[in-house]
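Student: Sharing a structure here in structure tokens format.
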Amino acid sequence: MEGDNCNKSRHKSHNMINPNYASVRCTQPLPSVIQLRSRNKMIGITEDPSSDSEPVSSNQPLLLTNLSYEVHTFNDNNNHERPAPQEQSTQNTMISMQSEQKSDRFTASNLGMFQYMKFEIGEDGDDHEEEAILTNREKLRHILHSKPIHVAIIVLVVLDSFLVVGELLIDLKVIIVPHGNPAPEILHGFSLSILSIFMVEIALKIIADHRHFIHHKVEVLDAVVVVISFGVDIALIFVGESEALAAIGLLVILRLWRVFRIINGIIVTVKTKADDRVHEIKKKNSELELQIHNLEEKLSQKEQDMSRLHEILRCNNIDIPPTVPLTTSVQIHSTTTASADV
């Protein structure tokens, strides 16, 4: 028994000082995985947790789990021989950390051998899944604001408006339908189906970008109109003819408002893209003007240098070699300026 205990104690001590294995336990649980790197990462040296005096070489990042820090670093060569263990204290190093509630990032301080700690707290503890969700939301937002979706929504809104007008004309006896004809029920069913699509659209908008949806009153009003229209269509199934007539009139107004609202939204979107394009062109034009100004200064400096060199040649009675006339450079500069203005 004593021999087994001695071997276990030596094995534990070997793990603490082994350059390929280190264990540091934390007094408080952490909400996510924390990646630690050594203070001497840039020079390829990592300090042993059980001793601050003898640095050990390591090139791998240190990995911190929720309840304990298990650091496993492997050499590039698997056949590399491990150095002999040294006799040191087996007492684990205790690190006390306090989580900050003001931000989603944990600020590390006074960690001794560690230079920094960096991790992101996800809702479910999985950062990769959160990044995937954000990417899917961006894709969904791009799809919902694309031109084909806008056109499809306008077509559905106009079709829904015609269906509601048809129901209204049938209820007003403008269009006489024989008793027992299923035409009113068919029109109402199509209208309810289109409203269901609009309800799904509103839900997808909230999922894609709820902040944008909440901060834009027009989007909220549009959602209210869709919900009211859907509720009224459901209520029409259970009410009498007189109440249905008044409700259908309200539905017509709401449908027409949606048509104008969506058309206006498309116009604003196109105008915004055009303004962005104009701003980009102006920015490039400013950069070209600055580049032209710099080239003008360089050209002026070169001309001054050439004049001084010519003067030196004249003083030494040296023939000046033929050069390109100055008017040529001026003509090139004028052409460049004209093309930039266009």
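Backbone N, Cα and C define each Cβ position, glycine as well.
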Student: Would Swiss-Prot have ARG141 and HIS210 facing the same side of the membrane, if we go by the names of the topological domains it assigns?
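Tutor: Topo match: yes.
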Student: Which range is it, out of 1-20, 41-60, that shows up in Swiss-Prot as region 'Disordered'?
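Tutor: From Swiss-Prot, the annotated region 'Disordered' range turns out to be 1-20.
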Student: Between 149-169, 186-208, 218-238, who has the most Cβ pairs under 8 Å to the transmembrane segment (248-268)?
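Tutor: Per the Cβ count, the answer is 149-169.
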Student: Count up the helix, strand and coil residues in the topological domain 'Extracellular' (170-185) according to DSSP, in that order.
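Tutor: Helix, strand, coil within the topological domain 'Extracellular' (170-185): 5 helix, 0 strand, 11 coil.
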Student: Are there residues at least 6 beyond the ends of the transmembrane segment (218-238) whose Cβ is under 8 Å from a Cβ of it, and what are they?
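Tutor: Sequence-remote neighbours of the transmembrane segment (218-238) are 188, 191-192, 195-196, 198-199, 202, 205, 212, 244, 247-248, 250-251, 254-255, 257-258, 261, 265.
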Student: State the residues, same chain only, that lie 6 or more residues beyond the ends of the transmembrane segment (186-208) and have a CB under 8 A from a CB inside it; answer 'none' if no residue qualifies.
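Tutor: Distal contacts: 137, 140-141, 144, 153, 156, 159-160, 163-164, 166-167, 170, 219, 222-223, 226-227, 229-230, 233-234, 236-237.
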